[in-house]
Amino acid sequence: MRIRNIRDAHLKINKAKNIIGVDNLKTKLDPKKFNALEIGSGKGGFIYQKAITNPGINYFGIEKNATVILKMINKSELLEQLTNLFIVHDDFALIDHEFPNACFDQIYLNFSDPWPKKRHAKKRLVDLAFLNKYQRILKADGIIEFKTDNDQLFNYAIEMINSLEQIKIIAYTNDLHSLDSSDALLKNNVITEYEQRFINLKKNINKIVFKFI
């Protein structure tokens, strides 16, 4: 469903202390801490819950839609009290070169835009070009978690991952919520309103965890 843009959303979000620019992001990246990045944070349901649950971890979200960020700010009353959550209003594809090498311990890709048309394949966040970007900014043994309701996008991700010898698949499933509750793929899984919607519809959720070797 298309989100109706809020007028001057980009100006309103800049007043929130958790919204930072790329330059400020570099100063927030503490090499002594565990740093996690979510690309395409949406309304922030996932990263917000992660930051609350894990105060010792620094969470960084990138979201290019100002209206979506504003909805997150308005919805999350405790947002500004969190000192370990930072949101960058930008497009990862345009700013990835600004990130230092080996600066993140973990990357999350949650319900990314599937870009279903073949001519848009390079825009998919699991395309080879993006995987190479992730490899550069991940620390040694850094982990990537990718979760999607879109089966075609998941199959594409598997194809891209299998084409690279330097990637090791740790675990994956085509039906996350059919697994036993003790399964590692469900450990610390955050169910957002978006994901719950698909669970209610009995739609399978795909998930893969992998790293570079």
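Note: Cβ is positioned from N, Cα and C throughout, glycine not excepted.
Remember, predicted model here, so these are calculated numbers, not experimental data.
When the candidates Glu38, Glu80 are compared with the S-adenosyl-L-methionine site entry in Swiss-Prot, which names Glu63, Asp91, Asp113, the shared residue is Glu38. Ranking the recorded positions Glu38, Glu63, Asp91, Asp113 by Cα distance from Asp149 (substrate binding site) puts Asp113 first. For Glu193 (substrate binding site), the same-chain residues lying six or more positions away in sequence with a CB closer than 8 A to its CB are Lys43, Gly45. In this structure, the binding-site residues Glu63, Asp91 were compared by how many other Cβ atoms lie within 10 Å of their Cβ, and the smallest count belongs to Asp91. Of all the binding-site residues listed (Glu38, Lys117, Asp149), Lys117 has the fewest other CB atoms within 10 A of its CB. Taking only the Cα positions, the spacing between Tyr194 (substrate binding site) and Asp91 (S-adenosyl-L-methionine binding site) is 21 angstrom.
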